[in-house]
Structure formats: structure tokens, C-alpha cells
Amino acid sequence: MAFTNYSSLNRAQLTFEYLHTNSTTHEFLFGALAELVDNARDADATRIDIYAERREDLRGGFMLCFLDDGAGMDPSDAASVIQFGKSAKRTPESTQIGQYGNGLKSGSMRIGKDFILFTKKEDTMTCLFLSRTFHEEEGIDEVIVPLPTWNARTREPVTDNVEKFAIETELIYKYSPFRTEEEVMTQFMKIPGDSGTLVIIFNLKLMDNGEPELDIISNPRDIQMAETSPEGTKPERRSFRAYAAVLYIDPRMRIFIHGHKVQTKRLSCCLYKPRMYKYTSSRFKTRAEQEVKKAEHVARIAEEKAREAESKARTLEVRLGGDLTRDSRVMLRQVQNRAITLRREADVKKRIKEAKQRALKEPKELNFVFGVNIEHRDLDGMFIYNCSRLIKMYEKVGPQLEGGMACGGVVGVVDVPYLVLEPTHNKQDFADAKEYRHLLRAMGEHLAQYWKDIAIAQRGIIKFWDEFGYLSANWNQPPSSELRYKRRRAMEIPTTIQCDLCLKWRTLPFQLSSVEKDYPDTWVCSMNPDPEQDRCEASEQKQKVPLGTFRKDMKTQEEKQKQLTEKIRQQQEKLEALQKTTPIRSQADLKKLPLEVTTRPSTEEPVRRPQRPRSPPLPAVIRNAPSRPPSLPTPRPASQPRKAPVISSTPKLPALAAREEASTSRLLQPPEAPRKPANTLVKTASRPAPLVQQLSPSLLPNSKSPREVPSPKVIKTPVVKKTESPIKLSPATPSRKRSVAVSDEEEVEEEAERRKERCKRGRFVVKEEKKDSNELSDSAGEEDSADLKRAQKDKGLHVEVRVNREWYTGRVTAVEVGKHVVRWKVKFDYVPTDTTPRDRWVEKGSEDVRLMKPPSPEHQSLDTQQEGGEEEVGPVAQQAIAVAEPSTSECLRIEPDTTALSTNHETIDLLVQILRNCLRYFLPPSFPISKKQLSAMNSDELISFPLKEYFKQYEVGLQNLCNSYQSRADSRAKASEESLRTSERKLRETEEKLQKLRTNIVALLQKVQEDIDINTDDELDAYIEDLITKGD
């Protein structure tokens, strides 16, 4: 259908309000500024100046200018700027950043309301004016863009329509900051050379307080984000100078802000122990599939056109037949040539399509570079570039997401081409979120491999950072500014700087004098102390980054079988736990619950539905009573003090309760008969195999209870420990078949204090169990309780567990006691999360677990000390309670151990001898008591030994010794530096002498033999050696 047939159809209209809508894509303001820098880079500019010009009559008080020396634009190129979405850079093989034809408009409109562009190319000077102020003042809905052009030499207008040119210039003079033609020409003269572009943005966006969003006052050398605190904000989020320094992975353009050069960085050259890993994957297909679809569409259209042209040529040839007139032959030849041309184009498009289809199946390869940022360890994470342009920064992956010190300070760098991942329009994210997550997951796996390869964890993470001056425990604190630490950091990371003339990167040799040196903005190759790289003609040396290998942990068949067995066992335990529990989510579920009642005669009151008031908690003397006489009272954490409640004479039912964590259940208090003691059960389902303790609550804390205990034995109540690990209290009272979970008011309040932040909703769980009515013996209960106590002592042990043929450190967080085995639950300090869970159940005493050395006393936590203090206070509190409540203390009496320990004289003598040896070994040289006198002291004399003076003199002597070592080391370092300088001076003198000698030899040879041609030192050496050989 001809285009003329479409002339009556509706067309999409672009209103000037779209200019604002389009600009909202830039949430990050520096991203809008970077769009204008990207345009200069794509125009092959070698320099861009970003500066502000004060204009108090404009909104914001200044204009923001971007001046580059790129290729510039002619009138046709400038006209394409105002076509939204049109870009000449959009080709599959393009390495340019711009792809969408939208950056200039969206970026400039995000910064201000209006912008004016001046550009020069060849003999033309073009001005482009895009103003929302003009549209608002004139009440125009459509987007109108004045675009006048002048001749660069004569400054005469270049136009076919003088009236149109006059209207365009009149609008510029009226609504732009430049009111006359002379002022406009002055802006053109700011563009150096024959080509370049100047973009000026004015009427800037303001904040709610009326100030501009960009701050150019706080730092005259920088453009900063207004009202952004430096604390907790990455430098690149606050300073445009810092953001521009890392904007490109391989900077080849000088960036000046307010006339001061930005020291751009190649991140891989700024890291300690960089290492590269090659990553290959077939998962990145979205962009490649789009390219294949485009190529197939283009190839299909080209094929149809070629077939149609060939068909026309054949038809014309048949129709002409034997007509051999000149006009007929010319017409036939033209049609045939067109058919041949279209066929060639179709074949080319077909080959492109086939190549893209093959490329779709080929895996994509990326290079991950990791290194440690020893200059600022808190600035870590992944920097992800697209076609050398920064898209995402400080992305945490792999072990960094866990928040520990593992992989802390490590920076990763990757450059992703367009065919792998496509960025969003604002160039602050990637369009395909699924493939981007896959990239981050792969980087996390390689990051864990890098951390293992550099072996920082094996040497000690804290020790490593101390070596570079990170002396504070606060991770975000900067390193020490002492000279020795600065030198240590400078020795590991050589200075890499860009020449201001040739734009090549040079790595400078390490010199002590350059540790705190500031290099000038106009640094050039001739300033390089390296003689091989001290001229711009020398080729740029590529950074030599070691190549790492990503190794997946290969499991043996036995390990796979063992892991599978462990998973099956865990799932079975979860299934059994679910089968034994009934979740209560509503009152209807509670009514359906089958609760068994006891087989007592009906002399007691029947079970009632209405709830009664909760009974008071048990007295502390009963709760803390030991399970056997020789046992010590169980310590209670100092953070949980509790008072002994007053015991009422009315018999009430005691209840114990515990609350689960994240996926835990709340406890249900079922209706019960009054004055009827019940067995209590507290069950926690947060672990697959909770600990078991036996409780005999058959005696209530009331001496007037009408019900008597049939057993004449002394009843012992086991201690219920309050630990973070889940516990389970199982009844041991005879003639009871009913087990229900009820709540204890006091313990529920304590649990709520500890867990109110994590547990908001839960569910009731009632555990139904059936026990034989046979009476359980007290001795069996005591043995189980003792075994459980001994097992509980294992909690907190530091152990090593073998996983996949490697040992990992961890801590015992839970203990499970079985019939014939004790199992530990070990939480690892760090393991690769892709192959090993964060914790694991192991059998105590097996080959896969071993104990670590206990920590030193000074590292004991405050909680341990508080528990120790509680142990001392416990007996006193219990005695006080026993005095206040004689009836209860008669039922459960705690007999103190009054047997005195016999003195072992041999042990005392041995300890005295050990003390003598220690004092003699560390005796200061000038101490008034000699070693001989010390050896003759008895135990009474040692008690009065002046330890304070002893320690003082020892510390003074040790300090003097350290100072002498330090002074000797400093003198040696100075001597070594002086020797090094002397050697370097002698080396330079020798090289100069050698060079003069070679020059003289060449001059001598040229006098002897005029046609000799020697250009390099190597040729001279070879020629002399050849002469000596021939002479022999």
C-alpha cells in the first residue's frame, strides 16, 4: 500500500509534558549527568569539561555546562537528536554506550527545565534549543525545537528559509540566557578546534527548601548531591567526582570538573592480589534471541524482495521475447541488475541470520576480576559494567550477603557486553532481572573460590587487616594514617596513572618518596621514572592479572550416599514430629481435639470448658531443686532474675510453657478439673530432635493438698534449664495417661521479652502421648537427668567438622541424647553455601568431628561471668526462700555438703615449686630479690612476695627491650634506604657511562666505515661480538 494512503490516518502526538515524564526515569541524579558524559565518550572526545557558570537571574543561581572536543554534529545529525528513540549507535557489534536515542533529552530534563546545545562540525555551527519554559509561556502543547545553523567561517546563516531562521533565533534570544547573536557566537568560540559540542542546562530543578539539587559550593572542585550526609553514604552516591572516577572500566577520556582533572581509575589496578576467573555460561540468551528474531525478520523480507525482483526479471524477459531494440535491452538489464543486487543482499542477510543462530547456541564468556580493597575495606562489593560503562556498584554477592568478615573488603569487576545483558534506559540496572540474578549468583560462587585461593582466612582475617593499619574493631573506620602503614599499603598496590597527552596508562615503580605524593593534573609520560615507559611512543603495558580456576567440590560416592542418608533421616524426623503434633489454628480445631481423661473414679468434679484463673508460678526452691543430693544448683542467667512468689493455701495447678521461634507454635491451656495435678509438656518444634528432660510434678507447692502421693520415697525434682536450645519436659508421674500443654504465666512473659521481635504469629500445638501406667523408678529418672546434664555441658564447645574432605570450624549449639549415642548440632563459622548447609548434626566421638583448643580466659564473654556470679548467689537465695516457706522446704529439702576437703600437702608443694619456677624464669635483671633467694623461699614467704613491683620492673625491662629492637630496626631501615639510593645513583651513572661509550663506539665505526647503519644498542652489541669472533 502506498504511503499516500496513510496520510488521512491519525498520528501519535508528543506533548511537551512528555519531556518531564521522560526525565523521571533517572532516580539517581548523577545518572542523568553521566548520560551527557556518555555522549561525549561516544563522540570519541578526549576531554570533557563540566563546570558551572553563575547566573543569579536563573532558577538555581547557575548554569551547568558540558564541553567536549568530540566529533560534533552537522545540521542533519542535530536534527536526529530531537527524534526520540532514534540512534545510529544501535548495532549488535557496537561498543558505544548509547543505544536508545534518549539520553540527552532525559538526562538534561532531569537536571533542569531547559537546555541549549552548541555544536561544530566541519564548516557548520548548529544551535539546538529545547525549552519547557518556552512551551509553558507560549501555551504550546507540541514540542517545538529551534535549530538554526551558521557557517563556521563567515558566521552567515545556512538556511533556505530566512523567515524560519529569524523565528528560531528570536526564540533563542528571548528564552535562553543569551540575548544577542554575539553572545551566541561567544558560546561557539568556547568549543576548541573544528569540532565539539557544548551543552548548557539552566533553570535547574530545586528541592523543597528552594535550593538546587546539585551542590557546587561545599567543594569548589566537585559537584555534590545536596543535603547528603557523608556518613553511611558511598562516595560515588554523594560526589560526582568520585562517581566519574569509576564510571568507565577503561577510561580513555579526560574529565575535568570546575577545571580540575578527575583522577580516573582502572579498578583492577587498584586492588590487592587481583585474580581473574573466566566464566562460561549458556544461560544468557534473552538479548541473543532478540537479535536472532530481528535477523530472521530482515532475512525473510530480503528474500521476498529478491524473489519478487527475480520474478519480474523473468516475466519481462518472456514478454520482450525477440524484441532486441536498444530500449528493451536497457530496461531488461536494469531489472536483472536490480534482481542480482537484491539476491546478494538477501544472501548477506541470510548469512548474518545463520551466524546469529550459531552464536545463540554458543556459550557466553565473561571475565570476573576480584581483588581486595586495602585502601578502604568498607567499600566492597561487585562493580558491574556494560560495554565499559558502570551500571551497578557495590552489589553484595555470595558470602558477603551473610554479613560476616568472610570476603569483606573484596571488590569484583566484570564488563558485560550487550549481547549478554541489556541495560535499562537509565543505565542503572539490567532489563532482564532473571539473568542478572544468575550473573550475581555466579559471581558469588567465584568470589568464594577467590577467598579460598588468597587464603586470608587461614592466615587470620583480623591479623591481615591489622597488617595494613586497620586497628579499630569498627569495620567502617578508615585505616591508620601512620607512615609505616601507608608505605605498607603502597608497596602492595603500585600507582597507575594516565598520561595527559597520549591517554595511555602507565604503572609507576614503587618509591618511598612517592607514598604521599600528589601527582599534577597534567602528568605526562616524560615524568615516569621508568626509562622504558618515559615517552608517549612507548606501547602501553597490559596489566598482568593471574588467572584463577573455579573448582567445584566433587563428592565421592560414599559422601553422596552419606549426605543422602542424612537428608532422609532428617525428613523422617520431621515427618514423625508432624504426625505427633496437632496444629490448633482456631476454636473449631480445639473442639475436634480428642483429649483422653484419667480412669479415676467419678468422685472428682467433671472436666469443665470455662477457663479458670491461671495458677501462680512454682516457687524458686522447687524449680531449682537438684535431681540428686550431690548436684550443684543450676545457674540461671543474670538477665532473668525472679522473685519467689507467695504460695497460696488453696491448691493450684502449676504450668510450664515455652514459645517457639520463627515457625514455632504457641501453647494451648486446655480445660482441667480444679485441684487436679496434671503432667505438663513443653514442646518446641524449631529443631528436628529436641532434648528430653523428665519432670515429676506430682507434688504441688502446697502442704495441704488433699491428695497424697502413694510412694514413700523422697521425691527429687530435676532442674529445668533455661537455654536458647529447645527443651522437652516429659512426665514421669505414675497413673497418668493424659498429656496436655499448658502455659506458665511467668515463663511466657520472659520468652516474650526475648522473642517479641521475631515471633509475631504462631499456632497452638498440642502433643498427644500415651504412657504406660506402670510406675517409673526414681533412679531411672535420676540417671537420665544426669546424662542429659552432662550432654548439655557440651553446648558452646568449639569443634571442627569434616565436610567434603575439608575441616570447617564451628560451635555446638544443640545436643541430642539417644539410647546409645549423643549427637551434636554444629553451626559453622563459614562454609560454601552452595555445597554445605550452615549447620549439621554429627555424632559425638565420630571421625568427622574433633575438638578445638579452648579459648583463652580473657576472651570469655560477659554472660559467662554473669552465670558464674549467679552460681554464687543461687544458694543464698534458695536458703532465704527455704526460711520463708518452711512447708515447701520440708517437702523438698536440700542438704548442704558439709564435708571439708582434706589438704593435699604434695599438691601444695608442687604448686609452690611451679610458682618459684615461673617467678625465676621472668625475674627482671635488677630485681632486689635474686634467683637464689627466690629458690629458698617457702610458701609463706611467697604469699608476701612483691608481685606489683615484680610486674612493674618486668614491663619496664620488656618495654626497653622492644624499644631497642625498634631503634635498631629503624636504623637498619635508614641504612638500607641510603644504600638503595647509593646503588641507584651508581646504577644511573654506570648506565650513562655505558650509553656514552656506545655512542662513541658508533661514531668511531661510522668514521672507519661510512656505510655502516646501527640504530639500536642490540645491533651494536651484535656487531662488536661479530668483529671479535671474526678476529679470533
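For all residues, glycine too, the Cβ spot is worked out from N, Cα and C.
Pulled from Swiss-Prot:
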- A2: N-acetylalanine (MOD_RES)
- N39, S87, A88, K89, Q99, Y100, G101, N102, G103, L104, K105, K427: ATP binding site (BINDING)
- 282-362: coiled coil (COILED)
- 547-584: coiled coil (COILED)
- T582: phosphothreonine (MOD_RES)
- S602: phosphoserine (MOD_RES)
- S615: phosphoserine (MOD_RES)
- 627-638: compositional bias 'Pro residues' (COMPBIAS)
- 690-704: compositional bias 'Low complexity' (COMPBIAS)
- S696: phosphoserine (MOD_RES)
- S705: phosphoserine (MOD_RES)
- 711-720: compositional bias 'Low complexity' (COMPBIAS)
- S725: phosphoserine (MOD_RES)
- S730: phosphoserine (MOD_RES)
- T733: phosphothreonine (MOD_RES)
- S739: phosphoserine (MOD_RES)
- 741-761: coiled coil (COILED)
- S743: phosphoserine (MOD_RES)
- S777: phosphoserine (MOD_RES)
- S779: phosphoserine (MOD_RES)
- 966-1016: coiled coil (COILED)
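For the recorded site, G103 (ATP binding site), the DSSP three-state label reads helix. Neighbour density for G103 (ATP binding site): within 10 A of its CB lie 25 other CB atoms from the protein chains shown.
Here the coiled coil (282-362) returns a mean pLDDT of 86 for the predicted model. Between the binding-site residues N39, G101, N39 has the most other Cβ atoms inside 10 Å of its own Cβ, all protein chains included. Within 10 Å of the C-beta atom of K105 (ATP binding site) sit 22 other C-beta atoms, taking all shown protein chains into account.
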